[in-house]
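Okay, so here's the structure we're looking at.
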Amino acid sequence: MASQPQDTPSSAKAQNEGGKTVLQRSDVQLSFVLTRDGVHQPRKVPWVTLVRAYGHFKLSLSEAKRGRQLASLNPLALGSDSAQPENQAMSEKLQGEKTSWGDHEPLSKVPFKIMKGHQHIVSSCHFCVDDTKLLSGSYDCTVKLWDAVDGSVVRNFEPEPGAPVLECSVTADSRRIVAASYDKTVRAWDLETGKLLWKLSHETFVVSCKFSPDGKYVVSGLDVDRGICITDAEDTTTVSHIKDHHRMSVTSCCFDPDSQRVASVSLDRSIKIWDVTSQATLLTITKAHTNAISNCCFTFSGHFLCTSSWDKTLKIWNVHTGEFRNWGACVTLMQGHEGSVSSCHFARDTSFLVSGGFDRTVAVWDVGEGYRKLSLKGHNDWVMDVAVSNNKKWILSASKDKTLRLWNIEEMDQIPLVIEYKKALGLKVKQCEECDRPFSIYGNDIFPETVTKCVFCRMDVKDLSAEASPSSEGEDSLARECSQGEDG
């Protein structure tokens, strides 16, 4: 194993009196209230980690004005002077009620649970085992499996990596996990038994790793090589090793739903799509953002790719044409975070998108309508990663504040302040004639009176056609935008 570079992040290891290296641990704590950890001493970190963590927090006058105008509509702005009297009454009433799960934010009705157990930055998080378990990786050199119900740690995967864990991934069937760490290795474990299956060493730092949806491959993003390495997940043989794929270090990579293409993004602001079968680059988008790109994720159909960037924006791309639409639903994804965006994740049906940022918030975006539904606040430091459960009821966030947060968004669309937020953005709120759920349409839409059902009821009607085509309502909206743009 190569020696750890001088500027590699410090791990949660210390020397005892006998000179042996031991890992300092503290009891796992589960808390349902927001607490602030003590100020920890700064640690030396490698330049890539510093650059990835670089955030911009300056607000323009228009953004600041807009923030003041919508302050009263912030669903998590508790105790705000701008809150309406009826909301204050509601808050006092709900504060007197006991909840059986998590901390209940009175105005937002978004329960959440704080999970503590890591001793350093939590860099990666995932749902697994039918949303009953959670997976996390941390700079404390550990990979943990959590119980999503009670928040306890089920397992620490051993042997532990010898350096900070930058990313972890789990197969679709929740049988195996992989983790990339700063000791230049990728390790795979059996999720049920915790047994180490294999360990793969690279000549350079591995900053990203993902399983293919079919579980056959693992793609790794390489730092110094500025490329990607695709490995057979069973025997660890190399399928493809593309050096100098980008002009600068790769920050993230992922497979499409068919396990045939790999998207990679880089500090050089470019996006590349690699075909596993033909061993060729299918698409290159240069200068996709005005700053480094931090993360990427495909929609469930694989037709669209979302990228997050340090320029504070998210963009959705048509991977067949390489086009980004800067109007309609896409343009509002550029107005939400006040700092660099670190991560993004689509819901399984693409009805909404979740992003995490260095402004310490988790944003929930309506993909079909193109607006930010909700901003979840509470983390004490940067949000490093986000995940969405398959049933769309939960959001998981990992933070530099050493914690994970599990948010229950099951009743999100029925939150009164979310409905008010839609109105403030010029959206009309209607009642679904089928299920009585409130849903929104743009006030300037042509023939808005013809839309009488919400997205979900419209999707139910299209069940037969959905079997032939896996596109969701959110993706249909994006496709319509692209076709309209091409017609224009």
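Just so it is clear, glycine is given a Cβ too, placed from its N, Cα and C backbone atoms.
TrEMBL entries are annotated by machine, without manual review.
Over in TrEMBL, the protein carries these features:
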type	residues	note
COMPBIAS	1-14	compositional bias 'Polar residues'
COMPBIAS	81-90	compositional bias 'Polar residues'
COMPBIAS	94-105	compositional bias 'Basic and acidic residues'
REGION	1-21	region 'Disordered'
REGION	77-105	region 'Disordered'
REGION	466-488	region 'Disordered'
REPEAT	115-156	repeat 'WD'
REPEAT	165-199	repeat 'WD'
REPEAT	243-284	repeat 'WD'
REPEAT	286-323	repeat 'WD'
REPEAT	334-375	repeat 'WD'
REPEAT	376-417	repeat 'WD'
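The DSSP breakdown of the repeat 'WD' (115-156) into helical (H, G, I), extended (E, B) and coil residues amounts to 0 helix, 24 strand, 18 coil. Residues belonging to the repeat 'WD' (243-284) score a mean pLDDT of 96 in the model. Note: the repeat 'WD' (286-323) comprises 0 helix, 18 strand, 20 coil (DSSP; helix = H, G, I, strand = E, B). Helix, strand and coil content of the repeat 'WD' (243-284), in residues and according to DSSP, is 0 helix, 22 strand, 20 coil. Remark: secondary structure over the repeat 'WD' (165-199) totals 0 helix, 22 strand, 13 coil, with classes taken from DSSP.
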